[in-house]
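Q: Encoded as structure tokens, here's the structure I'll be asking about.
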Amino acid sequence: LPVAAGDGAVSSVVLRRDEHLELLERLDFVVRNVVELRKEVEELRNSLQHLAVEIVGEVRTHLEETQRMTPRRRFPFCRDRSDSTASSSIYFTASSGNANTDDGESEGGYTTANAESDYDRESEQESEEGEDDVSCDTVRTVRRNSLDLVPEDESPLLLDSSLEEGLGQLLEQADRLHSGDEQDRREGFQLLLNNKLAYAGQQEFLWRLARAHSDMWELTEDADERRSYAAGGKEELELALQKWDQSAECHQWFAILCGQVSEYESIPKRIQAGYVFKEHIDKAIALKPQDPQLYYLLGRWCYQVAHLGWLEKRTVSALFEVPPTATVQDALQNFLRVEELSPGFSKAGRVYIAKCYRDLGNASAAMLWMDLASELPGHTKEDAESERELEEMRS
């Protein structure tokens, strides 16, 4: 401080250039956190509003169903048991993801109590409720049986042989189109759709048709159309899994389509879809443990769970007793398993390996996998997004 300034002078701190930059960086960090916090609070507010609307809707629906069921219980004679067991089976079916088609046995193989009395009760309800409550299973059975009708003047053996040969050629062409460009995949979807009537009862055909729905979901920009494609493919596989629960491909594409359907859903529904996704990917891996695509999908799931935001974690804790858990290390192990089974399987897979190493603080390994990812060409939208992520990571 200059001597001539006198006792009334105010001292000031002169910062060096590096200290000034450090201070600016800290202030910028604080501002970014405040902005992110504000966004999370807004998302939480919107999520709670959606959740409240869903709860009110469920309560209203339950009350309406209760009011409709009340007159049916007023019979002049005694019943063996109430309708509560029949209604609860809906929730068991929804939680398992598969519809229950057994007459007296539940999804897990447990015999339903009072099965014989159920038959009498169902017969009585049919006469009371009329044709409005026709079973969905009956409709599906009629649809499938209609495909098996053979004209009397044709030999069933020759027809089956011809259909089998045609199916093989169709599946070959569908796989080739699925591996092609955007126009090829659109053509593949239309090809399978045109042959649905003839081959809707074939496992290999159905999961490819569901895969084609997923292709159209990726190729379409309109939100409503995307939701429609994903929901259509998921519905096809819901029927297929009732009959072919041991098909790894059916489980794989059902998991993928569940994730695609949930993209525009609320946070609670997306989290629930995540549970279903993990369940079916685990089943697919158990059935086909050497498929690198399955480990890639599981690695994606682990990485997303490990990076859940504050809002998602709060929602999970509030809605589910046992929240999903996964770490970046879990994701890394699955992505490395992909490279072990099929080196250079995908550009996106190697980018994820680099991201995992970066998150774990191993910068040299991250740089190595970034270079390895750059060597692979890009063919899909996901590869294009991975290339952009690579550029951001390098910068």
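We number each residue from 1, going along the chain as drawn.
Glycine is no exception: its Cβ is also placed from the backbone N, Cα and C atoms.
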Q: What range among 27-54, 195-222, 307-334 does TrEMBL describe as coiled coil?
A: 27-54
Q: Counting only residues 6+ away from its ends, which parts of the chain sit with a Cβ under 8 Å from the coiled coil (27-54)?
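A: Hits for the coiled coil (27-54): 266-268, 309-311, 314-315.
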